[in-house]
């Protein structure tokens, strides 16, 4: 008992340390009571126990330890000094409490840790807990994980840093202990609540089963953003206030913290900085000084590649910067200057603040270089100086900038002012104090009086920006002497400025923005209560706790429920079934057979391994049918796939069986519950077949189906490992291709990138180029999701390979990853809340750095190295430092354990040798990058000493120290630096340099923090002393930092801290505080973003990578918003109404709800006029530039803001081109409905469109041009006239695009220029186009010259400005141009003038060189056109038009406009070839506008035709040379009543008058030649082909027999016919409209034409035959393949039946059929086989086998067999399913023939016989055997080989080839030398040219591949005049139809025949097999023509009767028609 009495007397603190456990127990109990009684947290009583708390928790006695833990918990909760014990106590808890068996001890230990977090020691707690994860005891690990999980759940990810936790997670999942793995799973679920993407990406490599389980749990989690349930002490007071205000219904301004966005892992943070200095070429510094610019360029290009890395490692860049600076400043080559500027930009962007030390050296040089005026240089310099500014402060470079302001060069002054303006935009009122503003204002005020307007404008902009930033109060003192006009200009500029930190500033705005917060908080609280309970359990304690409520601490805290448990229970019902993984054991083969036999037919299983492939194929078909019928639940997937794998399995040799197998695998995966076990069975076989040519696609489909069933990440990993375990390069490349597509379809978010990287690297090293290419393609796809950081992983690859990778990445630049369309990604994105996190799968790429292994370097930090670093000799110290740098460089990424290195490096920071200090600092920067976030554990022992170096007297040392501190802070964040007294101790030192740099650093860092440790208050007294420092710079820096300290600490705390100051000082400081309070920025940097995200205000580009159609996107946005508001912010709605319509810059989407519902263009009264006045008065920039600069774009934005809907403006000025397309689509939609708005904003719209002309994206440009065409059409309809301002700011930029290389763009631009003449006088257009002829672009010059010719042709010489003489002299200069197209265009334009004015042109063009004059004279001689004064005559006839052309105000309208437009189009097309300039007469033009305006009455031009010079019919007509066609201008406005006009024109095609027919064909051809107009012909194709075919018959029967008729005219008619048809058959959509009957007649006519001997006798006959040949090929290729094949079969049948038919005819039909057979493999899927087989059946019925054998030639039967064989080969047994249209299959020979053929083809491939058949066919005319042919050809080649007979041999070979065109001479050439082959080919070409040159028609008669020719010569066929060639009896109906046509031609009435039933009714009856001839289709079409003709005549007569004097009367009209009838009768009789 004596012992007991001794310790009982001891004081409490000694009892706690006593060796007896009872004494300690008593001590702990007493201590607990004492702790609970102390009310003051700062009581000195707490300090007594400061060193004992660790012992409380680490007591060896378990019972005593429990009491100690209770006491420790109360101590930590209530003691102010408790934070100092954090490290040792938490370490003790981890090691001595968490391993205890008692649950109570563990719970108390966890509570202690959480309490330390609450008192703001979270990072220390986290650090100790993370150390505990390395403990070997699983219990400790589990407890540490649980503590971290609870801390995260309660305090949130803002307090508990996720980055270090996420990195250790994978290791926990690998633990052997199940409890550790289970707790890790719960932890991963909790982390996922706070940061989804980061944890997903990190855990991709864990066991797939674990990953699957996790994913199932993740899906259950609520989608809403989580909120902390417990708060730090510093936040609790704020929370209490917020709750009170919310309950009182008041506004809570301070409640923004709740809504803070959860901090995401920043991609830039995860990037490893790239060290580029060592990678510079060794000879870089020599090359950069080289005399040759090419060498200097090489050096700069090498640097440019290196600085493209997004993050650069800090280092000594001084030499590099110096070299680049020298190039910028002194190099004479502007291209190199721009390149060097780009390099500087890259350095500044990559180094960020680390580049700041070099900014002062570079800025003056860049500013001086602005004297260079080249746009590309100026732009590069602007980008460089803007990037550099962001690395430094305006204060640092102010002296340099101000020095340049006095430069005499206006460009330098302008650019400097603009730079200042841009810099001011980044400033705030605190960073732009008066002391800094004053010198800038003084300099800028000089500039506003400068003589150069651009300098004045720039100065106004800079002053306006300053005014916007700091307010009028600060700037007005400097503007006292400025006059009112200039002051107004400054204010105007100020209003337009948009600041980087927000458009509006000041407290009012902040208050407005913060008002919705309480409502939103309340709403989300109400809506989210359930979720909160689920996740956090019953823990309201911390929410209501105030600092005063301390009693009973532990009990009040409550117990937190594990989120894994309760959250799971709360969200179980929400789980989606589609994400559940199917798990099944592997079954034995016996079980599989048993299960399969239950669901498959018995024969199916028996025949699986049959030796007969047909049986196996039949078995597969049954298998497939069975699988298709199975239900998901009853499908035994594993059993089925094992059956498929049964021998022969995946080694199946027959490709058809194999294809079926693979297809069945895909079906099973899609339809059944397909598990990974099943997948493992088949994947190996699929990978083996993926490279197979025939089965590869099926294998890919199966793999995709498996990926959907088993998830892509797992499938891809398996497939890749299997593919690269093989050696087959084809399989590898195809696997990579499949993966590329799969990633696009499934998304990227869950892929195990690490596994792929190794395989991709293997692929890149492959010898096979296909594998490498596929790997690079895959990398390109991955780049879409991962971003530029992906490249780092491949930096070690060979340069050539790296350049290919870079090129692939470049292609992907700017593209968005496509939205996933398959797999779970699709469901999860749709299920995600709209505002939740619009991130794309690409976010997964943020953790790419984590893919790289970190290396342990502690073993390399030896004691020898440490002693070297500390050696007395500085050289040895340097060696040691060099070694350390080398070690870190080599490792790149290192682990945090670096041994004794920190101590050694710390010593070197105080080194007397400053070079070594700098080197040490560089090493520390390297260390930060290499170690990453783990560097934070070295902040106290290494980071703080670096801050001491900031006090060094040398600038460069301080700069290096600052760069090091920044590098560390980037990795660690700021909390480590601000915690404790270290920073305040540094600030306390009275070193001006140290204070200056440190305060500047704090001013930079503090604004970015959302919260700071309370220890920041310790710095305040020293901050106040700095405010009074003797050094002005220190005082300034202190003033700059003051608002940011106040931002975090609040005004009250700051004011309270002045209590210890002297009264005088206190007053000064309080005044400064008041001033700082006004400028204090809002504390949280991102609450606005946090609000905008959940409320749907984020950019649509993020959430919708693939833009939806505009209508959908707009409407869906409008509809979706109200739902969003209901769900998320019901409390805000009332306020939204109150602020509706006001321009509040709120980040919520409330303002956007109404935006899209209103008009897109707002009519502002006199808005356009005001803008014109502003531009005229030089208040704004004149729209005149070479390339658009930022200031122009900003100006346009500002101007648009008042009259363009905000949402549309955002789309218009978005950086992504897809948004521009969207904007244009919306503008097109609103064009008609908002005419007034469009016209009022026209100047702005046109300016915006000029910006799009400078885009490189073709789709935007095409869309813009399409919009312009519609716009100018609308303007002309509205009779609008372009103003001078609109024209001058648009036309020059439009003319730039006329030189585009793409034809379609040039064509559109020309069309727009044409339409512009309707809204702007042509005479004013002329100078703009003339200016375009001065371009360096030859295409632009040529097009502009051609356009000038069109204008002159249309408007006469009056259009030439300033005078015709000057204009023509300018045009004539281009005759001597180097470019051929320009010369031709200039010559043609002059010839156009010559055609109008004759020889007068020679006076106007002045003196030309002899060469140019001779070219012009030659061209004029060659011109086929006689001088004509057409425009002059028109001017006489229409004086109004002349007036309008010369008038500025009045423009041509309606009728005259049409006429002018038509003429302009004609002139445009004819100007290139004046010899074809005979005008198409008015009678044959399609005047659709007039038709449309005639109120539905069809008005054809027939009466005019009758009235006009009828005697011309008997005179020779000058036929237009078939060159380039005139373009009809009226098809744009084509509507329903154009059909009658087209019918009328088509009827004229069949006219007996050649001239009429040619004119009609020309009209149709001009339509067919224009893609946008050709659709008008749709529905008229059969009608047109019938009319054309009739014209061919007419030529054959009448014209060719007429000896009086000039055969050249027939050739021209043929040219037009064939040209028309070739144009038609090049348009696939129209060609496919031709029906079978019409095609049959057409082919009949064309083949007969080729056999017409009379054609061959004509001079151009051969050319005609070649043209027909080409046309036949086009018809065969482009027509509907079913129709043409059917037509040919019927034609062959008819030709064989007809006794009069020539054998040659049948042979040509068969040749056509053989060509169709060759096309079948490509067209088989588009053919209706049932119809074709019906035609063959009918053919075989008409020609049975015996009858065919009786034919003279064997080729019909061989043709039929070849066709059937090919069909069998392509379709296989399925062909027998296509006999559905044959009524009696049993009677048909066809079925039996097909069965025989199928049986035969099973045993033989049949390919040999096919080839022999085709060869036989190609020798159809050869009577000799193959051997004889070979002998004959051998003889010819022998002659060619001899010197004497070479020419004779070539001639014979040419004749032979011509006669037997299908003969293959390749075998004879194959064995000869290359020289001999080319000699033979050249010789044949020469002979061909010689023979053709004698009688060649002018170039217009040939058909160029581009189809530039209008009409092509075409011989007709030998068709009988009766219209039928097959010898069949022709019925009377055909004669009647022909009679109707003749009557119509003569204007006679056809009404008497109306009661006759139409012939087409015969077609409805199932007549005999042959296809109905086209003649049968004439009746309905011609009836329509007749009716329209009669309507036209009647309406004309009616209208004529009511006409005034000067028009025809009814009687005269009738007389003329009668006269016409008589004349036509006379013509008809004379022709007979």
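Using the three backbone atoms N, Cα and C, a Cβ is placed for every residue, glycine included.
Taken from Swiss-Prot, the feature compositional bias 'Acidic residues' applies to 833-842.
Positions annotated as compositional bias 'Polar residues' by Swiss-Prot: 1441-1450 (among others).
Residues or ranges marked as compositional bias 'Polar residues' in Swiss-Prot: 1972-1983 (among others).
In the three-state DSSP reading, residue 48 (N6-acetyllysine) counts as helix. Annotation comment: Swiss-Prot describes 48 as N6-acetyllysine, evidence class similarity to another entry.
Annotation source Swiss-Prot lists phosphoserine at 816 (among others), citing similarity to another entry.
Residues or ranges marked as phosphoserine by Swiss-Prot on the basis of similarity to another entry: 1469 (among others).
Under the heading phosphoserine, Swiss-Prot lists 1861 (among others).
Taken from Swiss-Prot, the feature region 'TOG 2' covers 268-502, and the record attributes it to similarity to another entry.
Annotated region 'TOG 3' per Swiss-Prot: 588-817, in sequence order, evidence recorded as similarity to another entry.
Annotation source Swiss-Prot lists region 'TOG 4' at 853-1081.
Per Swiss-Prot, region 'Interaction with TACC3' is recorded for 1932-1957, and the stated evidence type is similarity to another entry.
Annotated repeat 'HEAT 1' per Swiss-Prot: 159-197, in sequence order, evidence recorded as sequence analysis. In the predicted model, residues of the repeat 'HEAT 1' (159-197) average a pLDDT of 85.
Residues annotated as repeat 'HEAT 2' in Swiss-Prot, with sequence analysis given as evidence: 356-394. Through the fold, the repeat 'HEAT 2' (356-394) approaches residues 317-318, 321-322, 324-325, 328-329, 334, 337-339, 341-342, 344-345, 348-349, 400-401, 403-404, 407, 409, 411-412, 414-416, 418-419, 422-424, 426-427, 431-432, 436, 955-956, 959-960, 962-963, 1000, 1185-1187, 1189-1190 of its own chain, all at least 6 residues removed from its boundaries and within a Cβ separation under 8 Å.
Taking Cβ pairs closer than 8 Å, the repeat 'HEAT 3' (434-472) reaches residues 394-395, 398, 401-402, 405-406, 410-411, 413-418, 420-421, 424-425, 427-428, 478-479, 481-482, 486, 489-497, 499, 505-506, 1036, 1178, 1181, 1191 in its own chain, all 6 or more past its ends. Residues or ranges marked as repeat 'HEAT 3' by Swiss-Prot: 434-472.
According to Swiss-Prot, the feature repeat 'HEAT 4' maps to 750-788.
As annotated by Swiss-Prot, repeat 'HEAT 5' applies to 855-893, with the evidence given as sequence analysis.
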Other CB atoms within 10 A, centred on residue 816 (phosphoserine): 17
Cβ-Cβ distance under 8 Å to residue 48 (N6-acetyllysine), same chain, at least six residues away: 13
Where residue 816 (phosphoserine) sits in the secondary structure, as DSSP reduces it to three classes: coil
